[in-house]
Every structure is written in C-alpha cells, then in structure tokens.
C-alpha cells in the first residue's frame, strides 16, 4: 500500500520535473506570454495588456531599432522593463528635451542599446539611467494577445523623430542589428 | 521479419521518449544549476590560469547561488561582458551597491556604485578589462559564481571569497 503511494508520488515528481524543464526551455529559447503593467508604453501597450514575447532574436543578436523589448531593469535585476529600442551601439542619440535651446547628443557605447518608452512624458528609461547593456535584454515583443479588440502586431513608434537611423549620421558599429 | 519490425518501432518510440526527457532536463540543469567552463586570459592571475597559455583552468560555475543576484564582496563571478554581449568574463566582485570605491585607472578617482550594480576587477591589475575600464556593471548581467577549480587535477581547490586588503571599499553601505 505504502509502496504504491510512494511509487505514484515519485512518478508525479518525475513528470513535474520533466514538464518544468520543457517549460523552462520553451520560455528561455522560444518565447512566452507576458503581462505588462505601467503607463510608459502607451498608446502602443496599455496597462494590463497581455503580449507574446519571443526570445529567439536576442540569442541571434537580431534586435533592431524600433523593436519593443523586455529587459531586466538596470537598477533592480529582479524586475523587468518593457521599452522600445531607439538606438543601437554607435548611434547618435539626441538627449535634449524639446524645450532646450542647445541640442545635446551622445553616442550609444559598444554593447549597449538606448531604450525609451512610447509615452515620453511618463517613462523612466535611458534618458534617466543611460544606455542599457545588450546582455540585459530578455526578449522581443512581437504580438499583442489581450485585449482582443487590439489583437495583432504592434504599431510603430509614435515618436519616430527620436530615431537617428536616417541620413543624419552613419552609425559606426552598426552590425548588431543586421544578421 | 514482423518481429524485427515491431522491435524497431518500439525502440524508436523509447528513444524519442528518452530524448524529449533528457534534452530539456540537461539544458535546464546547465542553465539554472551548474556548468563548467574553461578560463582564458591572464586577468585573474594568480588565482586563475597562473600558467598563462600553458594550461587553462577549468572552473565549476554555480548558477543556483546567484539566482537571486546575491553576491558577496570577494566572490569570483562570471558575467556577460557589458561591451560585448556574446562574451562572458570572469572577475572578482570588489564592491556592491552603495559602496564608495577608490579606482585604479578609471576616469573618476572615487566612484559610488549605483543601485542594482556592482564593481568587478580582475586580480591581475593592469592586465584586466574590468570595471576600471567600463565602470560599474548591472547585477542583471551576472551569470554564475565560480566555486571550484576542477582541472588540472593538481589545481583542484575551492575558490575562496577573499577581498584583497588593498581593494577594500572606502565606505560600505551597511545593510
């Protein structure tokens, strides 16, 4: 009797371990469902939206300008941030606010990216904590799942004037996004 | 003839079943629990690779210990390089968040380590690409804690978490 229960328990533990490992591999190497909270990506992603994030791009170093990514927060590694990639390494970033008279800019260092939320008024991003190392990126958001009336691929940035990939200046070490 | 065919199909089924169990479990173990790695370079001499290019040490990397990003000053850790995300580097933790450290060759003489970051240095000062070059690194880049040297056999040892006395932070934040 006891041996039967013990056998069943061990089998249950074995299955839990096996499916846990499969789930871990799926999330780490393929993708998973994520719920976003906070106002910093409005109107593209609202508070409590559910999105699908794929983790293949970061393993192949194929993250590009304009992608919305999930990364570990530079000031707290246990929490995640969800922002848009504005600049890759070597890109010129304008760090002034529209009201400044002097236009100041800086270059994104090697191995880093510049992140900004779509809701520029209400977003703590690279304008506050500086460029973020590429190694902190966890995945790229490719699809919104909930709410259903907004299902589908994500819109482009409403702030495309912040992107400097155009003819203004050529990024120096730009191959990170091109594979 | 029919018996051999049935046996072949059963064998294939057992093989696939074993494959789909073994691969995820092994990959999860190597990602989350522990793995081994060969150390290259001279930035951690004399603790690691004292023989230079003659023989490379192989160390045991313990992921489980750093799953909550808890490290102590003096630990030898591996982390994703902030300048090249395809590379992992192995260094010693010198200071944690809130500490004020006196730097060697950094653009600022004294640096206060920001929240969520740490200061790492190689033991071989001057031959090490570490925080003195790229500043404090985010704890999120932490990969594993190097606990033992496994190869060559004459260098089997436990790596001690000792902070060199001349590199003790000027001021530490009491938790």
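The backbone N, Cα and C atoms fix where each Cβ goes, glycine too.
TrEMBL annotations: computationally assigned, not manually curated.
Annotated features, as they stand in TrEMBL:
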- B:14-103: domain 'Peptidase S26' (DOMAIN)
- B:43: active site (ACT_SITE)
- B:91: active site (ACT_SITE)
- B:107-151: domain 'Peptidase S26' (DOMAIN)
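The active-site residues listed here are B:43, B:91; among them, B:91 has the most other Cβ atoms within 10 Å of its own Cβ.
Between the C-alpha atoms of residue B:43 (active site) and residue B:91 (active site), the distance comes to 8 Å.
Confidence across the domain 'Peptidase S26' (B:107-151), taken as the mean pLDDT and rounded to a whole number, stands at 92. The DSSP breakdown of the domain 'Peptidase S26' (B:14-103) into helical (H, G, I), extended (E, B) and coil residues amounts to 22 helix, 26 strand, 42 coil.
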